[in-house]
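Now, the feature entries from Swiss-Prot:
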BINDING   GLY169, GLY171, LYS172, THR173  ATP binding site
REGION    1-83  region 'Domain I, interacts with DnaA modulators'
REGION    83-124  region 'Domain II'
REGION    125-341  region 'Domain III, AAA+ region'
REGION    342-461  region 'Domain IV, binds dsDNA'
Amino acid sequence: MDHSPWQRCLSVLQEELPAQQFSMWIRPLQCVINDNVMTLYAPNRFVLDWVRDKYVNRINELLTINESNNPLLLRFDVGSKPTIDNSVTNSPVSRNTGGNESLFAKATSAPKVAEPESNIPKKTNVRLNYTFENFVEGKSNQLARAAASQVADNPGTAYNPLFIYGGTGLGKTHLLHAVGNGILLNKPNAKIAYMHSERFVQDMVRALQNNAMEKFKQYYRSVDALLIDDIQFFAGKERTQEEFFHTFNALLEGNQQVILTSDRYPKEINGVDDRLKSRFGWGLTLAIEPPELETRVAILKRKAQESQINLADEVAFFIAKRLRSNVRELEGALNRVIANANFTGRAITIDFVREALRDLLALQDKLVTIDNIQRTVAEYYKIKIADLLSKRRNRSVARPRQIAMALSKELTNHSLPEIGDAFGGRDHTTVLHACRKVKSLREETHDIKEDYSNLIRTLSS
C-alpha cells in the first residue's frame, strides 16, 4: 500500500502548525493503512482526544484533497502501530537540525564505564515522593504533565529534549522527579541523573581541579536520562556551556533522554550561547503557568489530606483566591495555618485563616492592584496608562487593555463592574468579553500566552 497519503498530510501540517503544536500532537502519531482505512495510533488517550478535538477536520480535509481518487476512511486508536509491512512512521524533516543530521541518528549503546568519585551522583538521586500520581493537574500545567508522562513511558524517543519553563514554585522540579520515577518504574536498572544546574557546574570544576575530565565525560554521557533544573544558571559560564554542549549532543545521538527546566523561554535566557539555546528547542518546549483557581483549591485539598486535615471547601477557596502566585506559596501558607491550628487547638475556619495569614494576605493585597496592573501592562507594551483608559480601539491599544482587564479579574478581588470602572468607566460586559477573548487567545496564540505569563510573573514577583 502506498504510504504517501499520510506523508503528504504531515508535510502540510508541519508547514501550517507552530513547531511546538506539531511536535506535541502530530509527530507522535503512527500510521497504518489497510484496505482504504487509515488508522492513526496515539501514544495515550490524552493525545488521541486532543487530536480528535483540534485536528481531525483538517486531516480529513487534506485526505479529501489529496486522495480524491482513492478516498480513505480515518480512524484513531491508542497504542503502537503493528509491526506489519504497510505501516509508516512520521518522518518529516526537523526544522531546527541546522544541517546536523546525525543528531537524531540511532546510535549503539554506550559501554558501561566507571563512575567518578563521590562528588558525582550515583545511580539516581530522584525523590521517590514526587510522582505523577501526586502531581495536581490543571489547565496551567496540563500539557507539560502530558509530555512528561510520555517521556517517562518512551525515554529518548518522545520529545527529546523536553524543555519546561515557568516561574518559581509551579511544579517544574516535581515533574522532573516524576519522569525519573516513571522511567525507573519501567526500567529499574536505568541510570537517571537529576541535579540542579549548579551541581553540574560544581562537578565540572572538581573534575578540572582533579584532572578527571575524562571520568566526568564518561559518567554524564553514560546516563539513560539527564534531568537538569534551572538551566538559566549556566548563563555566563562559558566553559560549562562548552562541556554541556558536547554532553547534550552525545546524549541525543545515543537516544538518551534530556529534560531541562528554566524560569524563562529558551531564547530569553541571556548569557547562554545561541547554539545551546537553539538545541534546547530541538525537541518540545512547554510552559507551566501559575495555577488557576480550581487547581489552587485542588492543591490545597490534596496537601491537607496528606497532613490528615479535613479542609473545608470554603476555607480552601478563601486561601486560593487570596494567594495566586505559585504552588510553593500555597503549600507554605497551608503549613502555617495547620501549625497554628495544632498549637492553639482551634478549628480551621475562614476567620482563623485570616488571622493566621494576616501579614501574608496584607502583603498580597498591596502587591497586586488594578493600578499596578495598568502600570505594568503599559510599560510592557510601551504605551501610556491613559491609552488603557481611553476609547481608542486600534489593536495596539485594545489588546493590552483586554489583557490588563483579564489580569485584574485573575489577580485581584475586584468585581467586573469595579474593574470596568477602573478602565475608563466601561461596562462589566466589556470586561467579561475581554476575559473570554484573552483566554481564547492564550490557547491559540503563542505570543499572547507568553505575554500573559511574563506579566503574571512580573506582577507576582
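From the backbone N, Cα and C atoms, a Cβ is placed for every residue, glycine too.
Model, not experiment: these values are computed from the prediction.
Comparing local CB density within 10 A for the binding-site residues GLY169, GLY171, the maximum falls on GLY171. Within the model, the region 'Domain III, AAA+ region' (125-341) carries an average pLDDT of 91. Take the mean position of the Cβ atoms of GLY169, GLY171, LYS172, THR173, the recorded ATP site; other residues of that chain with a Cβ within 8 Å of it are GLY166, THR168, LEU170, HIS174, LEU175, THR261, ILE288, ASN326, VAL327, ARG328. DSSP gives GLY169 (ATP binding site) a coil state; it is part of no helix or strand. The local packing around LYS172 (ATP binding site), expressed as other Cβ atoms within 10 Å of its Cβ over all shown chains, amounts to 23.
The Cβ of THR173 (ATP binding site) lies under 8 Å from the Cβ of TYR130, ASP229, THR261, each on the same chain and at least six residues away in sequence.
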